[in-house]
Amino acid sequence: MQRSIATVSLSGTLPEKLEAIAAAGFDGVEIFENDLLYYAGSPRQVRQMCADLGIAITLFQPFRDFEGCRRDRLQKNLDRAERKFDLMQELGTDLVLVCSNVQADALGDEQLLVDDLRLLGEHAGKRGLRIGYEALAWGRHVNTYQQVWNLVRQADHPALGVILDSFHTLSLKGDPSAIRDIPGDKIFFVQMADAPILAMDVLEWSRHFRCFPGQGEMDMAGFLAPILATGYRGPLSLEIFNDGFRAAPTRQNAADGLRSLLYLEEQTRLRLEQENTPIEPGVLFSPPPASAYDGVEFLEFAVDEAVGARLGNWLKRLGFAEAGKHRSKEVQLLRQGDINIVLNAEPYSFGHNFFEAHGPSLCATALRVKDQQAALKRATAFRGQPFRGLVGPNECEVPAVRAPDGSLLYLVEQGTAGHTLYDTDFSLDNNATATGGLRRIDHMALALPAESLDSWVLFYKSLFDFAADDEVVLPDPYGLVKSRALRSQCGTLRLPLNISENRNTAIAHALSSYRGSGVHHIAFDCDDIFREVARAKLAGVPLLEIPLNYYDDLAARFDFDDEFLSELAYYNVLYDRDAQGGELFHVYTEPFEERFFFEIIQRKAGYAGYGAANVAVRLAAMAKARSGAARKPVL
């Protein structure tokens, strides 16, 4: 299908937008009238610019408030339409979007609306042009696609057809299944926009909160599937009104837009297959299926020699063993349970460059996959950027792709005993024994600039087939934190993404420390939280101190005896229980050099959350720790 995007979806000048659209790989573009009005060149120059860039002008928009206008305005509106037709012919497009009338004095008589639309179609048809009629969700008399099709069907003019917009239907909780009743050749154009589910005025919702398919919470595939079932094979276009998009980097946002269409096509193809609705091969994007995942293979920290020594000491106090050194690089391996941590201090390497840019930080995460080549092919099909580092003789070459912040995601197949990447690349100490009982990485949390959250969500959903939980808002003493968790389909990889638009929150401090986004929190799973915390305290791990008032509140909320509450308080263990009786015990370290911190976690009886009930007290405790005012519990 022809992939298109409206110029209003991107920031920048019209030439910048068109260049970004072409660079991203779109086939076409909707020219939004304001972009043309603010451009100093002529419509013919815009037409030539698009031709030079290899993109077609799929549509000109919008033409407003025509049908049902007061009768004394009808001729003026027809004159206005003729001027727009002149402009369209200069642009070289034959289709204009006419949106339903929103004027308070618009007339609603059905036959009058039919006659007006037929008249407009006649004027357009004489010039070889077409009218696409679209229902605005806030239209005065017409606000659903069913009404649009009813009017278009009665007008019965070959130059008049339907334009379908996902937001205008789904925002009103409309049922798209009846789209199947519209002949495919009468659907002239399709616009797609996702959005978070919000309880607000639909006009404000549309103007400020639309996003690319896959970034929001609407059923995009459920809307597109019945359209394709009609036989429609025309353009599939993005029309996004979003405050953040208006300020986002143009090329990066355009690339996200194309990725979102590819993701939507895949999801729609899968939906149609589930519904046993045949569709010819090649119509929709068909990438390699997502690989199965099995957690994190290793984490790689960018350090220098001094920081590596300090972080290594921290990890050893947490129970990690120094398991080996790289055969040819300044890289150290630490292990505990199924957790592998690499400290990369190699000069003139990717890790070194990352350290220079961000300081001590997580520069790479290795995902354990069933088929690394299939996973890499899928990632590159979704326009992921592959990475190849320097590989020494007899060393294992591990494929990787860049994350949106420039860090790396390695794709690692689990080798057999004696034939893993650790065996080939490291001189292993077979006598090294971890002193702790941490088992695996439970989850990792990222601090992101607010404007980048949607891009990260789409990246993981498309390249790796992750699912996204609903967004939650969490209280920090100095503002609000918004969090949206991603997880692999198998549940072994979990990535809460955190943003804050306030300058003094913990997330804001992390962004300042990293000079950009980064992992600020890593959680390790264990079988016995009290044993692990007792050992960590004895080893001198600096644990985050929790106010005693928190435990008084626990006593009020849960039926705990005094001895158990005292144990929780002594070890600074936080507690939560879900509606099904699942339990969470977790404790936090203080941040390593004011950057990232670790969490020790124990889940019981199927608890699957992240302890949202404890976020406020944890963030308050971290704020006090930053100011040096933390209070130790006294029993």
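One-based numbering along the chain as shown.
Any Cβ shown, glycine's included, is placed from N, Cα and C.
Just so it is clear, the model here is predicted, and its values are computed rather than measured.
Secondary structure at Asp165 (divalent metal cation binding site), taken from DSSP and collapsed to helix, strand or coil, is strand. Taken from Swiss-Prot, the feature divalent metal cation binding site covers Glu134, Asp165, Gln191, Glu239, and the record attributes it to experimental evidence.
The domain 'VOC 1' annotation in Swiss-Prot covers 295-414.
Note on the domain 'VOC 2' (440-590): its mean pLDDT in the predicted model is 96. The domain 'VOC 2' feature in Swiss-Prot is assigned to 440-590; the stated evidence is sequence analysis.
For Glu599 (Mg(2+) binding site), other Cβ atoms within 10 Å of its Cβ number 22. Feature annotation from Swiss-Prot assigns Mg(2+) binding site to His443, His521, Glu599.
There are 24 other CB atoms within 10 A of the CB of Asp165 (divalent metal cation binding site), with all protein chains counted. Mapped onto three states, the DSSP output places Gln191 (divalent metal cation binding site) in strand. Excluding Glu134, Asp165, Gln191, Glu239 themselves, the residues of that chain whose CB lies within 8 A of the CB mean position for the divalent metal cation site are, in sequence, Leu97, Ile163, Leu164, Ser166, Phe167, His168, Phe189, Val190, Met192, Ala193, Ser237. The two recorded residues, Glu599 (Mg(2+) binding site) and Glu239 (divalent metal cation binding site), show a Cα separation of 42 Å. Around His443 (Mg(2+) binding site), the same-chain residues six or more apart in sequence whose CB sits under 8 Å from its CB are Ala485, Arg494, Leu495, Pro496, Ile522, Ala523, Tyr610, listed in sequence order. In this structure, of the binding-site residues Glu134, Glu239, the smallest number of CB atoms within 10 A of the CB marks Glu134. Within 8 Å of the centroid of the Cβ atoms of His443, His521, Glu599, where the record puts Mg(2+), the same chain has further Cβ atoms from Asp442, Met444, Ala445, Pro496, Ile522, Ala523, Phe598, Ile601, Tyr610.
Assigned with DSSP, the residues of the domain 'VOC 1' (295-414) fall into helix, strand and coil as follows: 32 helix, 46 strand, 42 coil.
Spatially close to Gln191 (divalent metal cation binding site) yet at least six residues away along the chain are Ala6, Glu30, Glu134, Ile163, Leu164, Asp165, Ser166, Phe167, Ser237, Leu238, Glu239, judged by Cβ distances under 8 angstroms.
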